[in-house]
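Trainee: Okay, handing you the structure first.
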């Protein structure tokens with residue numbers, strides 16, 4: 001089925017490499033979090049939500065690995081230790097929930113003070129408008145926290161895109177390359193999986209979604225990872241959202 005012939009009741013979009021440049025995440029958001037994590041922790045160290053995040057970070061197996069790398073074993077858990085661990089996780093691009101939650105809080109400050117604006121490709125706002133006008137729901141599924149997702153779309157270069165979006169999902173619903181995650185999302189959206197179209201740049205995610213019964217298309221944006229020949233043969237590939245601007249709802253047979 002070509003993109004021009006597809007029908008769906010909901011579109012589920014990935015962010016990094018799909019709606020948003022990978023370079024924005026890696027060259028803007030991650031460095032901003034690294035540069036500001038220590039100051040943020042010092043400012044909010046005694047807040048309950050930060051205490052919970054710090055506890056969750058300490059329970060990670062990687063925390064022991066990180067401490068073993070330090071020249072002097074730490075005698076206590078302090079701001080400097082946790083900030084260093086978060087920078088270590090960011091450098092390794094480990095998508096773990098407590099770190100993502102903390103990053104989201106740091107980014108929230110950056111968006112609020114105008115230091116950050118969420119990147120979206122130029123074709124994204126037009127697609128969102130077209131899909132909503134056609135009666136489709138739009139949801140987001142990203143490894144970044146729901147809070148971080150809302151910041152990108154709420155403070156985007158194209159303005160506030162949140163009114164177009166009806167649901168947000170992060171790793172709390174499951175990991176992105178697991179079939180069960182997409183089954184969970186379909187249940188949350190109360191939609192038949194085959195009537196949900198998932199857009200991503202990662203073949204493993206597309207395969208997991210398709211295993212759950214969803215439709216899946218892979219984006220080949222500038223800067224996205226190259227695909228192997230078998231991956232290219234397995235999925236429909238599009239360069240941007242423009243081929244999907246005419247996406248429509250399925251015909252209701254009882255009304256046909």
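Backbone N, Cα and C define each Cβ position, glycine as well.
Just so you know, TrEMBL annotations are computer predictions that nobody has curated.
Features from TrEMBL:
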type	residues	note
BINDING	14, 16, 201	Mg(2+) binding site
BINDING	142, 143, 176	substrate binding site
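Could you place the listed features in the three-dimensional structure?
Mentor: Residue density at residue 16 (Mg(2+) binding site): 22 other Cβ atoms are found within 10 A of its Cβ, drawing on all protein chains shown.
Less than 8 angstroms from the CB of residue 142 (substrate binding site) sit 14, 15, 16, 148, 149, 169, 170, each of them six or more residues away in the same chain.
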Trainee: Using Cβ atoms only, which residues of the same chain lie under 8 Å from residue 176 (substrate binding site) while being at least 6 residues apart in sequence?
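Mentor: In sequence order, the residues whose Cβ lies under 8 Å from that of residue 176 (substrate binding site) (at least 6 apart) are 14, 141, 143, 200, 202, 204, 205, 208.
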Trainee: Other than 14, 16, 201, which residues of the same chain sit close to Mg(2+)? List them in sequence order, counting a residue when its Cβ is within 8 Å of the Cβ centroid of the site.
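Mentor: Going along the sequence, the neighbours appear as 15, 17, 18, 19, 20, 22, 142, 200, 202, 205, 219, 224.
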Trainee: In the structure shown, with every protein chain counted, which of the binding-site residues 14, 201 has the densest set of Cβ atoms within 10 angstroms of its Cβ?
Mentor: 14
Trainee: I want the residues beyond 142, 143, 176 whose C-beta is within 8 angstroms of the mean position of the substrate site's C-beta atoms, in chain order.
Mentor: 14, 15, 16, 95, 141, 144, 170, 171, 175, 205
